[in-house]
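What TrEMBL lists as region 'Disordered' is 1-157. Annotation source TrEMBL lists compositional bias 'Polar residues' at 1-14, 55-73. According to TrEMBL, the feature compositional bias 'Low complexity' maps to 39-54. According to TrEMBL, the compositional bias 'Basic and acidic residues' annotation covers 121-137. Residues annotated as transmembrane segment in TrEMBL: 159-181, 241-266, 278-305, 326-343, 349-367, 379-397, 403-426, 447-467, 473-496, 517-537. Summarising the annotation, TrEMBL assigns domain 'HMA' to 542-605.
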Amino acid sequence: MARRLSSATQSFAQASYAPLRDSRLSLDSTPEEEDLDPDSIQSQQHRQQPQHIRSNSIGGSSLSERQQKQQRPYTLASDSDGESDGEDTALARTQREGSGESYSTVVAIGSSPDSPPPKYNGRESFEFADSSRREESLGLDPESGWRGTGSDDESEQGLWMQASTTLVIAVSGLICAGWLLDAVQHWNVFMDISELIILIPILLNLKGNLEMNLASRLSTASNMGLLDTPATRNEFIKGNLALLQLQSLTVGSVAGLFSCGLGMIVHSTSNSIEEIALMISSSMLCASISSFVLGSFMCGLVLICRRYRVNPDNIACPLASSFGDLVTLLILSGCAVFLVKYIQTPLCLVLLAILLGLIPVWLYYVRNNKCVSEVVKEGWGPVFSAMVIASTAGLTLERYINLFPGMAMISPVLNGLTGNIGSIYASRISTALHANTTENYRATEKTLFLVHIPMEILFLTVTYVFSLGDVQWSAGVVVGYAIVSLVLVVMALLLAKSITQLFWNRGYDPDNYALPILTSLVDVLGTALLVVGFWILGYGEVAATEFAVEMTCESCVNDVKNVLDGANGIQKYDVNLKEQRVVVEGNAPPSVIARLLKNTGKTVIVRGSGVAQGAHSGAAVCILDINQSDHSKTVLPSSEKPYGLVRFLQVNAETCVVDVTVQNLTPGKHGIHIHELGDTSGGYSTTGGHFNPTNVDHGDFDNGHVGDLGNIEVDEKGWGDLVMESKRIKVWDIIGRSMVVTEQEDDLGRSSAAASAASKVDGNSGKGIICGIIARSAGVFENAKKICDCSGTTLWEEARLMGADKGNDFY
């Protein structure tokens, strides 16, 4: 199979690719002296391009044959005219200038066998020595030109400086992507349509591959000087952006459909037509928008690199991958949240039809663009092969994202950073192969391995200092993460070298084929190593939660089983029809499980939660009930009373997880606080003020009173749930105190001056609606739980399924 340059100019699209092995010929050679193969790239360039941009390279013959034809020894571009150039070169340049003949010489990376390697400050690029192109160029100085590779020391230094700067920026993007994934996993749309979690790594991998392929093509084209002429540059960029839109819409549709299929297989359930349309349309719309944004950014970035003599191989691919993940995840989340509001309308289907209709439009344009008409036929196999490989990472992520706290934060950074290291290496090897030069593999591998270490330290530092995500940092976690990351980067470097050379030797352009396979393998290996590391460290402790569920027949039992099958964070469950009890084991928050059970239309009450095997180091439960004196007009006009449950779990010495579930409140936001006293005999009025051991003003969850938990948002059905982590709450400090949910929204201490006094005390959140005493959780089923609000004491006795005892308000 003939090798074809993906970064082809007009002539590249018409001729099969042969490596530029002739690019080290003497600068004194003239086109008339060359024996051109009529089908070669160089021959096409001579026939189609203006005289002043023609290359004096020879195609179609071996290097040894061309060496025999040369009348003068090789010479190379140097740092200044006349100082390092050979005498013959200077004379030849003078003769050409005198005769009015002007053309460009492409100088390859490396040196001739007869000349020592010149020093060019580690820049791997090519010289265009013609001064007549000054106005058409990207602002390059024709006197200095573009230089080839320098010595090994300078190459390593240049690689270190360029790669480290780029990776610092890339790590920032990856941290933001991890933080965003950690947040959106708890959004209702991602919990209700769990296939979106499967879609995330698949779509990120596919989109990242397309954008890295674009970056690699642009880098190769830039290094070969194909972007220096405005006409060629504009045609090349427009063609590649159109190609990116075609590829993005195609892979977006396939990724969405593939994720739905995987979800049905894994969960043994079927999605509605509306949910499938939402999945595919969200995926396609996200892919199209993000491709336009990122594609434009990458084109501009490569041109800037060319202008300032920076090798885009060290910059373009990492930024395309890192910020591609962030932008794609941000747009996907926004699209899903927007479209789920209209899931019962034809909007998703109409949008899907429009996006599918754009595919043939882009295909027609791409096939008529000579720069990319051949490229559109290539690269689909690796991209979709990578999708299948990346689906393993998606299924693993969905399976363990709730089981291991912090996995959502760590996984994008670990896989993304390591993939960036591998993509830099693969892109450099690809450029060297295209230019027929030798890459110093050992030096490059050493430099990339070492530059990876401070990037990981930066990630760990930022995550710990700013308390990002659910990561429970400890010495063991840091050591384990360091081992996993070092092993993974070694594997990425080995894979990058092997895969790139394999495709090149088989006749395929690595710019199109190597990166998709490489990044997908890194995703799978990184996710697998992360899971193994969490298990070795003892994470993934299984908790059991007991629910009272109103069930009357086997059909009710089947409804419950259907919603629990394959749900995130649920390992096993037991449904007891006679006792109307459901016990769920896993790492999923009780509020998430309760919402799933509520989707069956049954009445659901959380009876208790605790560790299934052994007692946890710290846990507390508060059952929220209503006192008649606290009954507010904000309660729904229903015979059902408002109630709720709050679970506190001290996962380590620094972090307490707070899980809140309420029901039968009015839609909107309601303040939620921990109060000083555990006395509910008079309702909320006898619970004292907010728990405030530091004696500060009222504020939000992260600032102000320790007891300030912010607001819980209740939907139109009267249901609200909230899961959060606190670095300030300690279970042993709040046992015996009380919880209160208020009738109004808490202003978080940010009210206007007129109400500033009350804002600094209770956030103007009004009276309490429901309240309860926080008590130690002895574990599921060890004893039962009951709140007696006539005396304000806490009794542990199992609550009945529905209603209340006469004389006492139980539930």
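Backbone N, Cα and C define each Cβ position, glycine as well.
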Feature contact check the transmembrane segment (159-181) with the transmembrane segment (447-467), CB under 8 Å, 3 or more pairs: yes
Any contact, the transmembrane segment (326-343) to the transmembrane segment (159-181), with at least 3 Cβ pairs under 8 A: yes
For the transmembrane segment (517-537), distant same-chain residues with Cβ under 8 A (at least six beyond the ends): 201, 205, 208-209, 212, 321, 382, 385-387, 389-390, 392-393, 396-397, 400, 404, 407, 410-411, 414-415, 418-419, 422-423, 426, 476-477, 480-481, 483-484, 487-488, 491-492, 495-496, 499-500
Cβ pairs under 8 Å between the transmembrane segment (403-426) and the transmembrane segment (159-181), at least three: yes
Secondary structure content, the domain 'HMA' (542-605) (per DSSP, counts of residues): 20 helix, 22 strand, 22 coil
Leading stretch by Cβ pairs under 8 Å, where the reference is the transmembrane segment (241-266) and the options are 159-181, 379-397, 473-496: 379-397
Same-chain residue ranges lying at least 6 outside the transmembrane segment (379-397) that approach it to Cβ under 8 Å: 6, 197-202, 205-206, 209-210, 213, 247, 251, 254-255, 258-259, 262, 266, 407-408, 411, 415, 512-514, 516-517, 519-521, 523-524, 526-528, 531
